[in-house]
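Here Swiss-Prot flags 23-43, 71-91, 106-126, 132-152, 189-209, 217-237, 252-272 as transmembrane segment, drawing on sequence analysis.
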Amino acid sequence: MPTAANLLAIMPFPDIDPIAFSIGPLAIHWYGLAYVAGILLGWAYARRLAANESLWPGNASPMTRTQLDDFIVWAALGVVLGGRLGYIFFYDLPAVLRSPVRALEIWNGGMSFHGGLTGTTIAMIIFARRNGIPIWSLFDIVATVVPFGLFFGRIANFINGELWGRLTDVPWAVVFPTGGPFARHPSQLYEAGLEGIVLLLVLAALVYGMRALKSPGFITGVFVCGYALSRIFVEFFREPDAQLGYLLGTNWLTMGMVLSSPMILLGLWAMLRARRQAALQL
């Protein structure tokens, strides 16, 4: 158990202004730049995947670059609207019911990955049906590039000094401006590493080393499982949302764990389904 003396002795938070720069009266926040960077890098990587026909079933890309360019708008709307609505529903519903205008206060924070995933999934299904694109291949393209957004988003969380971790005295602990006087796990960086870098590399190895895109849905399953396991692991180091705390009277169960646990089963199902479909085509 870390002592108060140890907790106070850890390095302070690197004081980074959450506003990256300003153009006249317009303030550009790091969090907004993170969204832009994640979407642009993901889009560029997705275009490379779509253009490489040898990666896909029958050596034929499931969608054109023009279709992919059109989908970016759908994806962005799915992420933003789904992320905001998901946060309201999963984490902040009582407060929004008391003051509905709170739902519009995006500048005060409040985005949910699970909500963004739901919103993007709905956008993908509608877009695929309207454009005659194999839905599982579209799922795979998006799953392969999502880690870019996760990485930059968690880095922005760290810069903003939000979503910090539990009390600790590890050498790399940080004293966050809004986290009290004691040192905490930089859990945002743990998530950036696992959900961003590690998951991106694993998926890239499967795409290029094992040609996993030739089994539509397999990459999606790996991503869903990988994210869920990473999130559940980091939740043991992350401070739960103040308005919810720990659930069911425990001192460890969080909403993040509850929302992520079913994703493991969903991901396993997607992988098994993809393998069965591939076997039937042999």
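Glycine too: its Cβ is placed from the backbone N, Cα and C atoms.
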Should anything in the same chain at least six residues away from the transmembrane segment (252-272) have a Cβ under 8 Å from its Cβ atoms, list it; otherwise answer none. 90-91, 114, 217-218, 220-229, 231-232, 235-236, 238, 240-241, 244, 246
Ranking 23-43, 106-126, 189-209, 217-237 by Cβ pairs under 8 Å to the transmembrane segment (132-152) puts first 189-209
Excluding the flanking five residues on each side, which residues at least 6 beyond the ends of the transmembrane segment (189-209) place their CB within less than 8 Å of a CB in that stretch? 49, 55, 143-144, 147-148, 150-152, 154-155, 158, 165, 218-219, 222-223, 226-227, 230-231, 233-234, 237-238
Outside the transmembrane segment (106-126), at least 6 residues beyond either end, the same-chain residues with a Cβ under 8 Å of its Cβ set are 71, 74-75, 77-92, 135, 138-139, 142, 150, 160, 162, 227, 231, 259-260
